[in-house]
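Taken from Swiss-Prot, the feature Zn(2+) 1 binding site covers 192, 195, 216, 219. The Zn(2+) 2 binding site annotation in Swiss-Prot covers 208, 211, 238, 241, and the record cites sequence analysis as its basis. Sequence annotations record features per position, and here Swiss-Prot assigns compositional bias 'Low complexity' to 1-12, 399-410, 1426-1452. According to Swiss-Prot, the compositional bias 'Basic and acidic residues' annotation covers 431-444, 856-874, 1454-1463. Under the heading phosphoserine, Swiss-Prot lists 755, 1530, citing experimental evidence as support. The region 'Disordered' annotation in Swiss-Prot covers 1-20, 84-146, 274-300, 399-444, 856-876, 1269-1307, 1399-1465, 1521-1554. Annotation comment: Swiss-Prot describes 1552-1809 as region 'Catalytic'.
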């Protein structure tokens, strides 16, 4: 121990500079350091700190000055088995100087420390081999940034090549390595390599132990452990190399032990204080991993893995070396002979010890570790966590030496969240039974060969059609097909799929097409190897070398210190020749014949290599070098200076150069087992061969994919389709039932029996994409059949839509695989064309050259035959050019300074162009100008959009991928959020099926770092089109061979199973994306019947092999199951910009008849009671004229009531009547009865107080109903008639009525009748001429509010039926505020106020003297001053209890008010007041004009014919009841007058859009019911209109205060959306009102907002209120009653098992609308809004809308956000619901994007949107 420490101390003392060194842990060995060793190390550290020079290194100066090249035979220079010492090195430089021609360098072998020690027994041989193999390093893949000299890639490569493995026990001295030989000599360095400071006595020279350059003490003061290059002690390195070491350790942290991790932390702490201007910051590539790889699906998830990863190349290389060890081979054979096949680990150790194979147990374990690494021994139950030998495990001897690289991969585990499909019981059998069953099945299965031939035949037919299509698309001769098929089939069939790496799966990476113009097409051939355009660097170099040794250099061979850094010429002259001679010596130590360099080579180096007879090729493309590296299986050396291990050279059969018509090609042919091919294309021009190359590349891809795909189809026992499938096989959606599949197979027979009309319908809705290779031929066959005309007609005749896409699609092959059926784009289906969102997208949604070429290249008058010959610019090409000038054609012999030449040149310049002069573009006709503008637009369209019908754009599979841990009893969480992956077939995001199973499925005991739960509980889900594939794991108990992947499947419907067989080598290399594509679109495949069942006539499963079967892969004790399940895809329904109001359903006649019957009985009872009271009076005053006239008036009222009832009966029996007609008639009938009760009740009370003397002198006369009609008609002629309200919630008589017009009614207001009766009585008084006495009597008969009505009313007390009639009859209820709003909107006062506001608005733009404003009070007072408004029981005024002023006072007040209003801005609100004998109402309408304007654009009333009710009412008005009074009694006669007699004064119907929308809104608001809306926390009360169209929400005072400044901006935003036709999610507000109801003992005042009901007409099963927050957003449905509104967390929990998938176009519209609306709300400081979502499963629609968007971020909300965000109130650290508007907006957008997931389809990314 002491001697060793002293030796270490002596070797270390020259490796440190004085005081700038940082101490590191000196001992990195596994054994603990003794106390004496620690003391020695301490003394050594103190000594190192005081040592100031490291320039003189023992035995290094002399050797470093030597520049002779060296060569290592067989192994690396540092791990050679030769016993030659360093003293035996010959001085080649001296000998070369004395000879005429330089000779290749001699062989050099170096002995390592471990080899000099040796062992004394033969039993150590295996251990030595093991130790030696542990020291062997392989070169990693090259990087693209490699430069000569001390660059990032060079040093990284240097470190990665020499980094030590886990065995650190065998370290050596730095002097025993070859690094010191390649140091820069001291005599060649005059300044520091980094800072360029001159060396002097005080600035000494220091060599970096890694790069070998010379630095000053400041630039070389870092220390790294020598174990990174398997040296003992520490190494002194420059700052640059120290940082590179740190970067390397960080990039491979998973491979480090504890000591290495401590080193990394120590280096990080040291270097973090370095300035940002260091050389490391100048190389951003250092931040990347040194071994980049292609992105794949697995690569996205490798962060889940908790296992260390190892480089596959290093393991393979190590294993190959170990397998070549004779001692291990002999030991393996002896152990197989003497031991059983399976043994315990302890038994193997005992065997080695007992047979003298090892001296102790440690050596035995080392030998067994070597056997494990070589593949001679493997555990029975593989455990990826246990990489080394374990005596407690059981092992078996392996016959196969193939490397099992899967244990180094990152695992992924999932479990199915749904009911796990269980395999049939027959599958539970041992591996031996499966093997026997497989052999019997394959031997006896005579269907295997038949299936193969059928599959091949179908593909060949498909390939021919695909090739012909591509040749036509590229304007190529069809004769190319035979040539291309021969070339591609040779390459695809001979290339071995296992040669593909996971990063380069596409065969086109291994087969290159080279264009060689000239020759004949049949001269095209396949070269087994690589061919490219290049020549040798010098003509004296050999151009033909049989069996060459090829070296690939990525770095330049030049002297360049730092790229881009200035350097003095003295240093270059001093060091360049020495440096290049040293580099060439390193190159020649590898003995190459051909050297290819990616960059340039200095002239000195070229001469040196030429003198050694080396063929040099310069400036080779990196892609060519990579292809050579793959084909020849050699390394690309990134740096000669830092490469200390033996690089792997390339070997081939022949190297030669050929010249083809001036094009020089360089060939590297490898005839045996080539890993690459080159196809030489000949027989055309360069332009033609460019197009041929594209076609050939696509054909090669298709042929190679089918080779792998067919192999998998045979493994899964797939049954090929019938030879003649129907061309109408393509459904617009994926098949869902087996019945559809059966009908699909029989559809050709069905089509023959269908009529022509039926066939036309089928074809128009189902257009196949002709992916099936037999469909095109079937289409040609059907084109000649009798069914052809209707088919062609169905495809061609579609006037409303552009049919170019579907027509082109019907004759285009999109897939390289046969028998795949793709659904049409949703927006191109009939259902998609009719959806609401279709109008938001362009009419031509997809672009294709198939029709754009026609519009661009061919004029309208050009025939079809000339279409292919024309080109975009041929119109200009056909122009006649002017003759060329003489100067262009003359031969110039005189100098340019001569006068003749100058004069000719001047004349040529003034000559002008050769194109004929035409009109200026601005003066051309419009048609030509339009063509000039459109041409570049079409060309740019080809550049902007992808061709949707190009098969190359369909060689991908867009999927929605996610991974999550599903816990049905707890909380689930995403480990990988759903993300859209565009999986390119055999390219980006794709992975081999075998690699996918090995890396992410078949590994145990892996924990997810995201959720820290076992990966076995995780789910991996791939969603595409209308289905998804779940991948989940189970434990495989069959004990199958762990080196093979077994496959089986079983039907989930009938439990039919396929035999368990090993997956073939070709099937293992199938693309995962192609496998998933078959699961999504290959539903036509069925299970191939076994031969035994076919012979015995047994039943065969007819279910889809890819839709109904569960696929099971078993590997190393783990079973991976793939199950396809259909998904529910939703269409979104946003709030429409225009709300279409529907016409109510007609009443049920029987029910209404019963209601009318009951109502008529009640009315007759009322009139009978009045008759009885009058009859009682008549007994006392038998001959009283007053009694007679009372009877006449009662008869008149009864007649009017009877007319109203008859109108209702007539409407019920007329089919033309609408619900509006019936409802209006019922409302007027109720109003007539209510008016009679109000009049006759008080009147009968007063009759008892009158004497008969005051009435018996009235003479008898005649009274007719015409005289009883009012003289003044106050109803609006042009107004609409609406329905009245219902007495009961479900009363059908009160449903809204038709939107009709009405003239003057027979039943006018009660006051009008009183006025008419007063006139009648005044004209019939004969006895008493004193009218005052008569008026006094009638005044006493008027109803009084202080009296109690003796007549009992059949209507509820809170109903008010006798208010002044407006545009339509409205039934006002005290408890229903919506009826008060409806009455206010239809009242005459509201219309007058709107007109006044309009007049004021117009007056603002004109002179105030020209227009007089009519105040509301004035208009009301004028109305009240009329005789018809004299009754106090039906009074209207501007405010409750307002007194009626005199005309003079009102006029003066109105003038004063008008002057004040001119000064003040007009208020946008209108306040209306009205009352009757028992109640006062007031309604304030906010922003009346603005809401009217918005409603006129947003509400669309139903289109109705002329009201039938109005015609009937006019007809009844012409009926007169003539009543004759005589002493004997009354005589009545019904007389019908002509239509123009007695008709009311009407005006023509002027359609007013605002009024129509307002009346339509009032019809819905006339009746509402309470609605218990759940989910909100505001506590507001809600109501819904009876027709379910609108929602009324109560608003508090704070909401009203916020709404007033917000409303103008809201109107502007909605108007802009309507003008620009931009969809919005904001639920529209149709009015805000404040309603007050005042009675004697109560007063109610509420503010109400009227909004649209988002769920109108929808069958909503689930409702969600989403805010984007997950804090307290969970509802327990079990604890809720009634209507349940779920929240965010409920939706998240549902997304694990049943996410909300939406179509792609729906997600596009939804995302834009959310972004636009949330931005608008953010600008107005609005937050806390919600997205209301309803699931209409019946129609497959998500109904959405944003609600509660009034609340702003006020002070109280700020305080709430701060308190909840602090965590004082809990919340589990989640973001509070209420945050500032900017933050709320972003969170809302992100959450909605997560909640609604897009389901990609085949057409994802190909549309113009």
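Glycine is treated like the rest: Cβ placed from N, Cα and C.
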Taking DSSP as the reference, which of helix, strand or coil describes residue 241 (Zn(2+) 2 binding site)?
helix
Residue 238 (Zn(2+) 2 binding site) and residue 219 (Zn(2+) 1 binding site), distance between Cα atoms, whole Å:
6
Between residue 192 (Zn(2+) 1 binding site) and residue 238 (Zn(2+) 2 binding site), how far is it from one CA atom to the other, in Å?
11
Rank the binding-site residues 195, 241 by the number of other Cβ atoms within 10 Å of each Cβ, and give the residue at the low end.
195
How many Å lie between the Cα of residue 216 (Zn(2+) 1 binding site) and the Cα of residue 238 (Zn(2+) 2 binding site)?
9
Neighbourhood of the Zn(2+) 1 site (192, 195, 216, 219): other residues with Cβ within 8 Å of the Cβ centroid, in order?
191, 193, 194, 196, 197, 203, 215, 217, 218, 220
Look at the binding-site residues 211, 219 and tell me which residue has the greatest number of other C-beta atoms within 10 angstroms of its C-beta.
211
Measure from the CA atom of residue 195 (Zn(2+) 1 binding site) to the CA atom of residue 211 (Zn(2+) 2 binding site) and give the result in Å, rounded to a whole number.
16
Within 10 Å of each Cβ, count the other Cβ atoms, then let me know which of the binding-site residues 216, 238 comes out lowest.
216
What are the sequence-distant neighbours of residue 208 (Zn(2+) 2 binding site), meaning same chain, six or more residues apart, C-beta distance under 8 angstroms?
214, 215, 220, 236, 237, 238, 241
Average the pLDDT scores across the region 'Catalytic' (1552-1809) and report the rounded value.
88
Can you tell me how many other Cβ atoms are located within 10 Å of the Cβ belonging to residue 192 (Zn(2+) 1 binding site)?
22
